[in-house]
Amino acid sequence: MVSLQVSPLSQTLILAFLLPQALPAGVFELQIHSFGPGPGLGTPRSPCNARGPCRLFFRVCLKPGVSQEATESLCALGAALSTSVPVYTEHPGESAAALPLPDGLVRVPFRDAWPGTFSLVIETWREQLGEHAGGPAWNLLARVVGRRRLAAGGPWARDVQRTGTWELHFSYRARCEPPAVGAACARLCRSRSAPSRCGPGLRPCTPFPDECEAPSVCRPGCSPEHGYCEEPDECRCLEGWTGPLCTVPVSTSSCLNSRVPGPASTGCLLPGPGPCDGNPCANGGSCSETSGSFECACPRGFYGLRCEVSGVTCADGPCFNGGLCVGGEDPDSAYVCHCPPGFQGSNCEKRVDRCSLQPCQNGGLCLDLGHALRCRCRAGFAGPRCEHDLDDCAGRACANGGTCVEGGGSRRCSCALGFGGRDCRERADPCASRPCAHGGRCYAHFSGLVCACAPGYMGVRCEFAVRPDGADAVPAAPRGLRQADPQRFLLPPALGLLVAAGLAGAALLVIHVRRRGPGQDTGTRLLSGTREPSVHTLPDALNNLRLQDGAGDGPSSSADWNHPEDGDSRSIYVIPAPSIYAREDWLIQVLF
């Protein structure tokens, strides 16, 4: 049996060569912001069932390609599980709120070059806790699967996904681990450059700036000063240097056509290759030399150092939430997303608070249901945006001669005398407020209230006092004076004469209009059994009278009136007959 002996120096060299190959090219990072019920998706219960509290974990799976792969396929690019997730402590059966995850970072390392196109699978798992958990300890609560395009080294991309009644908010990015760099993490950091010496007829020598501080993983022996690499086990020379390890300087010699001397003066060599020799730009990109290096001008739809990463197109479905994808007019943009109402962002990934625009009119309440916008209108308004003012009085009239008045989205009834309430269906006593002053008696009339004044008082509400001895009258009692208040106020002589003259003129006009001869009286007849009215006897004769049931109505019908029984306090409504005012002497007696 032959044993293989490896010296310590050889072991060191082998480890130095293999160790960089085991380092990850980069890492995919996913930050979970919140997990909870989504708007308009129902009211989910707590993720913990009735067996006790639980804890949520998130599993991230990365698969190559842009096609929708089966969820059972392997996570070829890598997978990871979240850690340090807080315990969900809501009581079972209660509505679930959004679960914030301050430490919800999931890291998925990848060893090969980042493909740029991949499928992202995010699974939410529930771990049941407590002594009475029972059953399986782990249960799959939700799964999100989507296609993505992403270049390494770019900013965080934010996304919102819904599944069932749950909504997941997260961000993700891909970044390279040193010494890998580039959009695909396939280019390794070149070693530190140094000034070089260039001879006449050769390309100008400009040292490369340092691209990173990590050690080189180039071909063993590659000059750290004059060589660099973009792939493992590679050694590419800077301007002015040549050879397999970039250790042979290019100097001036007798060689023609820009050739340089070979090793040990065995011949002439061509100058070192230029950065754009062979066109390192892929997918039709054009190369240009810049300070000893090169830059690729990529065609539309590609990016990266060598245009090796394919850009996102509308065929990949980059627009979320129903956004419409069209080809971008900007040559640097492969697509443009036209977002539906309620969403914004380059990929329509951000939700807009549509209620902040106040779409509901006339004080309506705005409700954003996620898939639609609803307005809850106030009473008296209708329409999708509460823009229609309804006729509040349509189809609903006021009773007993009341008039409907609308305004401000509501309606009210202006009731006739003797009625009240919302629809004028309730009897009202107009004399309940005792409007007649100085002991005057109140009676209800079809045209308003009638006050029968006590001796020595006059006016619509018995507000004027007249002294019997002819002294100056006093002015009306102040507002709010009670009927039983014995206080009196005198009118000035000039004002008293003016009032008397005005009343006399009004009386003559009434006499002229109202006066009729015998047989011409078509108004309501005098109540049976009453005496000829006078200033004092008329109110007493009409007081506390009641119309019997079944009495006729109309201006020419006669009615029998009786005195009510004791304890009857119903209001009396009297329509005076025109014959009451037919005597001139009575009118003059009342006025004067």
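Positions of Cβ are set from backbone N, Cα and C atoms, glycine also.
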Need the cross-check against Swiss-Prot: the disulphide partner of C436, picked from C424, C451, C453. C451
C386, C393 - which one Swiss-Prot pairs with C404 by disulfide: C393
What is the disulfide partner of C355 among C339, C348, C366, as given in Swiss-Prot? C366
What is the number of residues in the domain 'EGF-like 4' (351-387) that are helix, strand and coil, as DSSP sees it? 4 helix, 11 strand, 22 coil
C404 (disulfide bond) and C377 (disulfide bond), compared by Cα position, are separated in whole Å by 23
Which ones, of the disulfide-bonded residues C229, C287, C377, have a Cα no more than 10 Å from the Cα of C366 (disulfide bond)? C377
Taking Cα-Cα distance, which of the disulfide-bonded residues C222, C237, C276, C325, C377, C442 are within 10 Å of C319 (disulfide bond)? C325
For the disulfide-bonded residues listed here, C307, C314, which shows the highest count of neighbouring CB atoms within 10 A? C307
